[in-house]
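Engineer: One structure is given below, represented as structure tokens, and several questions about it will come after.
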């Protein structure tokens with residue numbers, strides 16, 4: 001199964017999620033229906049194990065949530081209510097961080113009222129209030145509407161801030177309502193640090209053209225912080241595919257745990273370690289270049305990857321068949337090429353966890369994704385699933 005998935009990754013061309021199609025006639029249907037059904041049963045009887053890897057805040061847990069939405073009927077009202085403290089904490093941490101950075105960045109508040117609201121927020125503990133009382137809500141609303149706080153937010157790449165800060169603060173009036181129940185979108189944007197290992201099991205329908213029935217998947221999520229990565233090896237055994245998430249938007253940010261380290265550089269370094277790890281050498285590797293929507297917003301706001309990766313300038317000078325690309329397109333291609341270069345470089349085995357000397361024949365399958373976009377993730381995962389099933393049939397020499 002592992003090698004079959006690997007071959008299928010090499011055979012299928014990488015396409016952006018936005019242009020994917022998933023018509024059943026993409027796959028051959030000339031075999032006898034009963035033969036297809038028997039072969040599909042062989043696939044169904046094997047649980048496909050997928051491991052999510054990547055740095056912290058790259059979107060791994062959001063993918064787990066999407067699998068639940070798409071394949072396990074989403075969240076009950078009780079489960080939604082259980083997310084309220086997490087969302088409150090996201091809001092509290094965001095406004096607290098913004099207020100705390102005003103002095104550091106030398107930004108003034110727009111009014112004396114905002115200054116008083118800032119003093120109130122700074123007097124509170126780091127944990128969010130259990131209930132959104134009127135006084136707290138008034139101060140948060142005042143601060144988020146302050147021109148100084150907005151200027152601070154525009155420089156949020158200079159300090160740690162949740163990607164979802166703007167989303168939650170923009171929706172604060174709705175969220176602070178006493179009858180609030182989190183929406184699916186709220187849950188997808190919520191953030192809680194992953195520690196340890198979590199797992200989700202779900203079943204996905206198999207197309208009728210491939211025998212019908214269902215395929216079972218197990219997906220594992222592990223913490224992406226540096227101090228959590230030593231736990232990863234615990235789930236390497238039996239993994240048939242690795243989904244490696246890398247955040248395209250983090251080219252101008254530094255790590256929370258190491259402010260001297262660029263986040264994208266850290267992600268590339270981690271990808272190299274995963275690529276060279278001998279325990280994952282037979283697993284298919286799929287890369288989700290995630291959060292490209294945030295990356296595009298940053299570029300429109302005047303941020304440029306060349307300020308953090310000087311080699312980008314030479315990359316853009318390379319001859320291309322189509323020179324009509326905008327800066328966002330070039331940036332996406334540049335980040336992807338960084339990953340491709342890693343997969344093509346020869347390397348020596350420096351530790352027992354690395355594969356042997358030589359140039360690996362493995363190839364990756366790349367997708368640009370927005371993990372909070374259910375439609376995008378549905379299309380991407382549908383395509384990956386069909387590849388797995390199609391290759392299992394074709395590997396038997398019948399196509």
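Using the three backbone atoms N, Cα and C, a Cβ is placed for every residue, glycine included.
Pulled these features from Swiss-Prot for this protein:
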BINDING   54-61, 188-194, 221-225, 290-293, 371  GTP binding site
BINDING   194  Mg(2+) binding site
DOMAIN    46-399  domain 'G-alpha'
REGION    49-62  region 'G1 motif'
REGION    186-194  region 'G2 motif'
REGION    217-226  region 'G3 motif'
REGION    286-293  region 'G4 motif'
REGION    369-374  region 'G5 motif'
Engineer: Should residue 192 (GTP binding site) be counted as helix, strand, or coil on the basis of DSSP?
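Structural biologist: Coil, per DSSP.
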Engineer: Identify, in sequence order, the residues in the chain of residue 188 (GTP binding site) that are 6 or more apart from it along the sequence and have a CB within less than 8 Å of its CB; answer 'none' if there are none.
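Structural biologist: Looking at Cβ-Cβ distances below 8 Å from residue 188 (GTP binding site), excluding near sequence neighbours, one finds 62, 65, 66, 69, 371, 372, 374.
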Engineer: Round to the nearest Å and give the CA-to-CA distance linking residue 222 (GTP binding site) with residue 194 (Mg(2+) binding site).
Structural biologist: 7
Engineer: So for residue 194 (Mg(2+) binding site), how many other CB atoms are inside 10 Å of its CB?
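Structural biologist: Result for residue 194 (Mg(2+) binding site): 19 other Cβ atoms within 10 Å.
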Engineer: Since the record lists 58, 290 as binding-site residues, which of them has the fewest other Cβ atoms within 10 Å of its Cβ?
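Structural biologist: Ranked by other Cβ atoms within 10 Å, the binding-site residues 58, 290 bottom out at 58.
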Engineer: Test of understanding: give the count of other CB atoms lying within 10 angstroms of the CB of residue 192 (GTP binding site).
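Structural biologist: For residue 192 (GTP binding site), the count of other Cβ atoms within 10 Å is 12.
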Engineer: Would you mind pulling the DSSP three-state label for residue 58 (GTP binding site)?
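Structural biologist: SS state of residue 58 (GTP binding site) = coil.
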Engineer: Would you report the average pLDDT that the model assigns to the region 'G1 motif' (49-62)?
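Structural biologist: Across the residues of the region 'G1 motif' (49-62) the model's pLDDT averages 91 on the 0 to 100 scale.
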Engineer: For the C-alpha pair, I'd like the distance in angstrom between residue 58 (GTP binding site) and residue 194 (Mg(2+) binding site), rounded off.
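Structural biologist: Distance (Cα to Cα, whole Å): 12 Å.
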Engineer: Using the alpha carbons only, what distance in Å do you get between residue 54 (GTP binding site) and residue 194 (Mg(2+) binding site) once rounded?
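Structural biologist: About 12 Å separate the Cα atoms of these two residues.
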